[in-house]
Every structure is written in structure tokens, then in C-alpha cells.
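Notes to accompany the following structure.
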Amino acid sequence: MKVMVVDDEELSKDKIVYLLQSSSVSFEIVLTAGNGREALELIEGGELPDVILTDIRMPVMNGLELIEAVKEKYPDIRFIVTSGYADFDYAVKAMKHGVTDYVLKPVKAQDLIPVVEAMRDAIAASGQAKEESERIEAVSRENRRMALEKEIYHLLTDRREEEAEKREAERHIAILRHGFYLIASVKLHGGERSADGELFRELRERFDDEAGNGWMMENYFGKGTFIILFGGEDENRLADTAAREAHRLRALLHDRHGLAVTIGVSRPCGDPRMAYRQAAVALKNRFCSGTDRIFPYAANEVRSNRASQSLALKFKLAEQSLENKSLAKAIVLLRHTAEDVFVRALAECREEISIDYLFNEYVNLVIRFCLKHDYDFIDRIEPDVLSGRVLDELEDRGAILKLIETIIERVFRSAPGTKGGELRNPALNSSVIDQIVAYVSRNIEEEITLQTVSDKFSINPSYLSRVFKAAMNQGFVKYVTGLKIDKAKELLENGALEIADIAHGLGFSDQQYFNRVFKRTTGTTPSEWRTKSKKSPKNA
């Protein structure tokens, strides 16, 4: 605790300092001043005490004037008035300024120290209460942000072009109330540091704009990625702002954090959904032209006929060559085709051809070969590979080749035994189940249903239900409910959030439904669980 003693009488001031330093109370520092003006100058110079012990009668600026000036600018600083019987009327006036402690002169240890100790305890309690309040507010603020981001993401990825839905979102999301939008999609390259939560928080504080001109959202194009949504009324100014910020961001990540970064920047668009799609396309130029660069979106509606025809011919020749090949030779040819397309040809074509098109064509080449030779591949090619979403996670062309090698190994590792049908328990395909379990764990605070997960992983809901139950020894709904209730228990034991907020934060439609599910699962209501957890030995 930092204390300041203000008194124009040197002996009195020195005595108070001596009593404080001789007591059992621990002080970080004890400052002194001869009058209110000196004390105020020290404070305005950066010497902020927790407590000021001040006399009333002093030259230049008396104690009451000091209290009034300090309380106006620094309301958290507390005061103890030290004065004689003759100044009691002044002490009463001090009370009107919020001063609650008074010590008579001549100051004695038995009078001063208990008052100082009580104030120390009060400051500590106030600090703890403030920290708890700030923590609760931070949780509430983060929950509100997550809800907004969910709504923004739903809007950006919705291809139905529902204008009514966009207008509804504009009513309560400031960033969506602009004439033009521009999105910068950012991918960090640098191992674990690229997924550092502290780094994302630092960047988010930089780009979030309370006026609604900028908004950052994490992990929308795979691990270590985020988008920055800019809004404005002048498309040229918006483009200039986004270009400037993209270069500043790249320099910041290079210089301060030692990270390489690839940025795809859309054009200014009247519809944020169009800007989102353009940013995704621009970011994928890293596969053609390399990473650690900034790629402005370039419209590729008119593809290079030469490039398209050349690559289409490569796939056609590869498929023809596969027709009469043995499996071993076919695998060699598939690997050669991958290197030819994703290394040599892709480097030559640059932005003239879509990486999504190339990847989809290659996967289809593998699938057609499997179909023709009755090789079982359905459960061996992951949903994100079939949809092409896996590209968002990949760093560069080399990562594509590694993925293709994995695909080939998974599809053909037991191919000789699959011809004519192989009797297998589909639940033994743990790769997809592991992905689903990880997805559910990451998104446990969302509303998760069998249908939403089936849609994400491109799996029939009935089939997923059977496979999941066989693999996990419990149904999908029961598994998700169990995770949500476990998370609810943890939040209830912390005791900070309201039960209604916990229910909403875990994706339940309303508190009553949450209460019923919680009691059915645990045998007690959320309120009863919270009460019991507070009485348990671990919380004593």
C-alpha cells in the first residue's frame, strides 16, 4: 500500500511517518508533502498513493481544498484526516467529501494504526470486488461478442441472398450498417505461435472499432487464421484504408512476433457476403504464388483458355492411363499426377486457375478409379476433403502433396481385400468419429444437433447416428448433452454467471428447458447444484 503524509508541521509529519514505518502494516512507499499544493503536484506527476493522511490547516492549499481537488480527478484515492479538536468543524466538512476516517492530534500509534489497518483491509476488499466485477463483465462482454460473431458469420456464409435477414442484422450490429464492405482474410505461418490466444486478443484490440468501422473474427479460414471486416461509405477510401492496414499488420507480425503472414484482400463490395467470398479466393492464391504475401482479389471469371485446357488435358490423360494399370502402377501414376498438377503446372498458371477446381478434379480422379475397380473409399476420404474445405487448413503446395499422399495411403492400404465387398464394422472408422468428437468439444457452447453435424461432415444423419453409437457406446444426443451439463457444472461452481446466462451460453433455447435437462441428468436443479458445490470441501 502506498501512503502520502501531508502536513506543514515537520515534527508532526515526521512522527506520523515514523509511526507508520514502525507498525506491522506493510507499505510500498511513504510519500510526504508540506501542503496541499505540493501533494497535488506529486500526484499529478505520477505519484498516485492509495491513502493520503492530511492535516486540515495548511498554507497555500489546505486539507479540504486538497481533498476536493483529488476526489474530482482521482476518486479511488482514500483520505484520513489528522487534526486537533479546534478543527473538528473542518473535519465534518471533510466527511461531506466522502472522508470517513479522522485521527486527533497529537497522533498516537494506538489511534492511527487501527485506522490505517482497517483502510488497508477495505482497499483489499474493494480491489477484489472490482476484479470480480471486471471478470464478470469480461465474460458477459465475450458472450455478447460471440453471439454477434455467430450472427455475422451466419450472414457472411449464407448464399441464399436473403435481404430481409441482412437488414435485421444491420439493426443491432454496427459494422453491418455501411454502404460498402471489404474483408481481409489473414493466415499466420509459424507453428504454435500462430494459434496463440494472447496474440489474437492483441490484434483484436487493434482492429475492433467501437464506431463500427472495423471488426476482427478468429479462425474462419482454418487454424491460425482470422478475418478483418471493414466498413465505410466511400469505396475508394475504404480500399485505401484496408490496403494500409494490411501492410501495417504484416509489418507488425514480422517485426514484433517473427511470424510470416499471408493476406487476401477483397474489393469494396455493397454486400459483405460477396466480400467474404472474394477474400477466401484471394487468400488461396498462396498455393499459386507462395506464402507471406498480400493478395488483392482479382476477378477470374475469364480464365486463361490455355491454362484450363492444359490442366483439363492432364487429368484426361491421367484417367486414360489409369484404365489398364495395376494398383501399384496406378498409385505411382496418381502421385506423379499430383506433383505435375500441384507443383509444376500450378506454379506456371499462377492465378489463372482455381485451386478449388484443381483439388476437386484430382479427388474425383481418385474416386472414379475406385468406383471402376470396386475399391471401397467412402469412409476413407474425410468429409472436409470431399468438400474441399480442407484447403483452408493447408499452408502451401507442399502441404497439398502431403495430404494427397495421406489420401492415397488411406484409400488403397487394404485395397486387395476390398474387391467384391469387405465386411467391416463402419464404426471402426475412428478418423471421422474423432473429428466429430473434436468438433463437438470445440463448439459445445453452440446449439449442436445431429443434423447440423451431419451437414458439416456430409454424412447421412441416420448413418451417423448408428456409427457414433457403435463407436462411443452411447447415442449422439446423450453424448452432447453430457458434455454440455459437465460444462454447466463447471460454470455453476465458479458462481459468477447467472443461470440464464449459462443456459444461453451453452446453446439451450431457454432457461426452463436447461433446468429440466440438468435435473434429468444430475438429479438436482442448477440452483441446488450451485448451493451444494459451495458447501463442498474443495470450495471451503
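Numbering starts at 1 and runs along the chain as it is shown here.
Using N, Cα and C of the backbone, Cβ positions are placed for all residues, glycine too.
Predicted automatically and left uncurated, TrEMBL annotations should be read as such.
Marked as domain 'Response regulatory' by TrEMBL: 2-120. Taken from TrEMBL, the feature 4-aspartylphosphate applies to Asp55. TrEMBL lists 434-532 with the feature domain 'HTH araC/xylS-type'.
Counting residue by residue with DSSP, the domain 'HTH araC/xylS-type' (434-532) contains 73 helix, 0 strand, 26 coil. Counting only same-chain residues at least 6 apart in sequence, those with a Cβ under 8 Å from the Cβ of the residue listed as '4-aspartylphosphate' are Val6, Asp7, Asp8, Glu9, Ser12, Gly63, Val81, Thr82, Ser83, Lys105. Broken down with DSSP, the domain 'Response regulatory' (2-120) shows 57 helix, 25 strand, 37 coil. Taken together, the residues of the domain 'HTH araC/xylS-type' (434-532) have an average pLDDT of 84.
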